Amino acid sequence: MEFIMKTRMFEEEGWIRKKCKVCGKPFWTLDPDRETCGDPPCDEYQFIGKPGIPRKYTLDEMREKFLRFFEKHEIYPHGRVKRYPVLPRWRDDVLLVGASIMDFQPWVISGEADPPANPLVISQPSIRFTDIDNVGITGRHFTIFEMMAHHAFNYPGKPIYWMDETVELAFEFFTKELKMKPEDITFKENPWAGGGNAGPAFEVLYRGLEVATLVFMQYKKAPENAPQDQVVVIKGEKYIPMETKVVDTGYGLERLVWMSQGTPTAYDAVLGYVVEPLKKMAGIEKIDEKILMENSRLAGMFDIEDLGDLRYLREQVAKRVGITVEELEKAIRPYELIYAIADHTKALTFMLADGVVPSNVKAGYLARLLIRKSIRHLRELGLEVPLSEIVALHIKELHKTFPEFKEMEDIILEMIELEEKKYAETLRRGSDLVRREIAKLKKKGIKEIPVEKLVTFYESHGLTPEIVKEIAEKEGVKVNIPDNFYSMVAKEAERTKEEKGEELVDFELLKDLPDTRRLYYEDPFMKEFDAKVLRVIKDWVILDATAFYPEGGGQPYDTGVLIVNGREVKVTNVQKVGKVIIHKVEDPGAFKEGMIVHGKIDWKRRIQHMRHHTGTHVLMGALVRVLGRHVWQAGSQLTTDWARLDISHYKRISEEELKEIEMLANRIVMEDRKVTWEWLPRTTAEQKYGFRLYQGGVVPGREIRVVKIEDWDVQACGGTHLPSTGLVGPIKILRTERIQDGVERIIFACGEAAIREWQKERDLLKKASNVLRVPPEKLPETAERFFNEWKEARKEVDKLKKELARLLVYELESKMQKIGSIEFIGEVVEGSMEDLRELVEKLKKPKRVVVLISRDGYFAVSVGSEVGVEANELAKKITLIAGGGGGGRRDIAQGKVKDISKAKDVIESIKSMFS
């Protein structure tokens, strides 16, 4: 679809619409002689060495200039909004915030929640991995950048501003505030689509650099049954009009600072506090500035994902500056590595400060990718500097603007240090892994490691393709690393899977029903109630009101009975479909629409769920205070006997930490703090309590239920809770588990369940005391004494076993039979698999075959290097005769037979092979 993008300013101020002679796209300009749109590769950078803004700005100065301009605008004052975390806790469809508009998707865009201000202005740190392979090379690409933006949400009947005003505001900011030359600014028409939305858009270009994008979001993805007269096609996808029309702008903070300084790259302009120290550490010689400038000018027109080959760029730059490609590579490569390290470590600082824990999954995977890529770059530079030292430079520089960096500094640096140690261990183990894979490829006659194998090495074992290449080339095997390797694996990691639950009842059969009145919220202590039957569908009964809690948020459903005409019918499951609650019953035939039934909750089950749910919130507060603010809930589940809480944490929780957590949680219980809950508009709740609200994951709806423990914990939660912490009863941590990389599981019990666990422990202590005939307080020293005595006895047993083995070897040697040039030993003996394996190892000689079978059916075989068969072939023959299974290497094999009565037949059969 082609949009007509004529604005008031273009018409009134003499702007001309032209078609770019290079790319053919339409653009608007004040310059009648202009023939190109201003966008690379149609135009080169024209500001390097000649800044396009009269005065130099720092990041802080440019950010404040932008925010203040929109905040204080006379006609359109905007509400200033603080940055959102780069880890978007309010949504589950993306891993990281990649643009300012993502702060307001889906709730504000859909109209389910009000924006924090309308219109608003924000400077949002954004992280994108799509360009990771361009970072350091093009001079303009970053994984971390700040998207300065002004947004307006035009709800039906409540317009704010649209295309005319947006273009005028942008032009006013650039020309009046930053003093850019109007005739050098172009507005290029380029429809935008992303995140399920689309609309017409302008790219604002100035002297070869895109400095802003102005999107007019007015379409959403079309459903399959959308009316055809409403459907428009944008970039090959079908869309329909949105009710809310959104002004979605993005101004590149780093690019504007770069424009004001005219440095060879944007990295020099905004990351100098890391770039310069790294240059000194690496001892990099200063190169001719002309090389850097020409490299940047051409690199600005280059995209690895498009051209795919860095060599092409090198050739063009080398030709322009009059040196060889090799000379250029030698001069420019260290700079590119340093720029990439500076960018990646800044992205890491934001990610870790906002709660990302490095791991093998989701955002943690992307953090680990940055860490390992940065370490690899440092290694290529020959630098031994710890990565944590570089991250510390970012914290030192940025903490005044982002005070949370200083608060999290110790944890951020410890996470990085631990990751560096893990990577060193990965490399140590990984070398053998790569060599084994190379051996397999060589056997098949393959002389190059395929790309999919490089991806497996990276994703499953943490081995970067550069490391694999280094090892492979020593073994004579080729490795071609795709130029876009890292953006390729990051793209795969960023895909989020949509989980669809089982459909219990067809929603179409429920959509005409009113929302179920939730009595469990009105009175969480309601044990009995009366309600009217609205519908019966298969085994499910729908009531107009219920005190039965439906499964959700980690809390199991309630059970109990519905009493019909004096008869109790069991309720075995309760679920929520939309805003309707459905009850599974044992005898659905007993229910008729319109009848009144009496419900009774299994109170013993419910109250224990309430104890465990409130206890989960108490424990979460203790975990954050003891372990740090990086701790976030990664899942939870309640039962009547125990509860579990999964948290993000970068190492195992120590015993001392567990004691402190448990003590702190129980102190809050004993203080009997108030637990309150209220329904708040989503935006109000976020502004009041921050994004730590979303501990339990994304909570849908315009209004969210906020559960608050007095001065301790606040979460958006739909569960049933106790009115004070004292009712939780004692909290006992039973154990912790490492369920996956970066996630700790705490299993605990509250109230009666905790008391039962203490009673179990007391019974075990009593039993152990009775066995050892000592009082419980003497158990540790008695157990230690017994253990030491057992160790001494074990040493004696081992000595005797070694002596017996020596005698057995001597005896077996004496039974050796000569068959031609081969020595053969075959016997049935006593011993474990381990014993047999040790014996055949000791008896092994170049021209000898040894077959030993134990009376328990274990067997071991050894074959000398000068014997013409392999041990694993003999193992197959043994199991063919006596059943069972086994296998091994060329020289040693082992296994177990099913039929021990055939042991002698086996030995004779093997012996006959050499007769």
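Positions of Cβ are set from backbone N, Cα and C atoms, glycine also.
What you see is a predicted model, and the numbers here were worked out from it, not measured in a lab.
Look at Swiss-Prot and you will find HIS613, HIS617, CYS717 tagged as Zn(2+) binding site. Residues within less than 8 Å, Cβ to Cβ, of HIS613 (Zn(2+) binding site) and separated from it by at least 6 positions along the same chain comprise GLY554, GLN555, LEU638, ALA643, CYS717, GLY719, THR720, HIS721.
Taking the mean position of the Cβ atoms of HIS613, HIS617, CYS717 as the Zn(2+) site, the remaining same-chain residues with a Cβ inside 8 Å of that point are GLY553, THR614, THR616, GLY696, VAL707, GLN715, GLY719, HIS721. The secondary structure of HIS613 (Zn(2+) binding site), as reduced to three states from DSSP, is helical.
DSSP assigns CYS717 (Zn(2+) binding site) to coil in the three-state reduction, placing it in neither a helix nor a strand.
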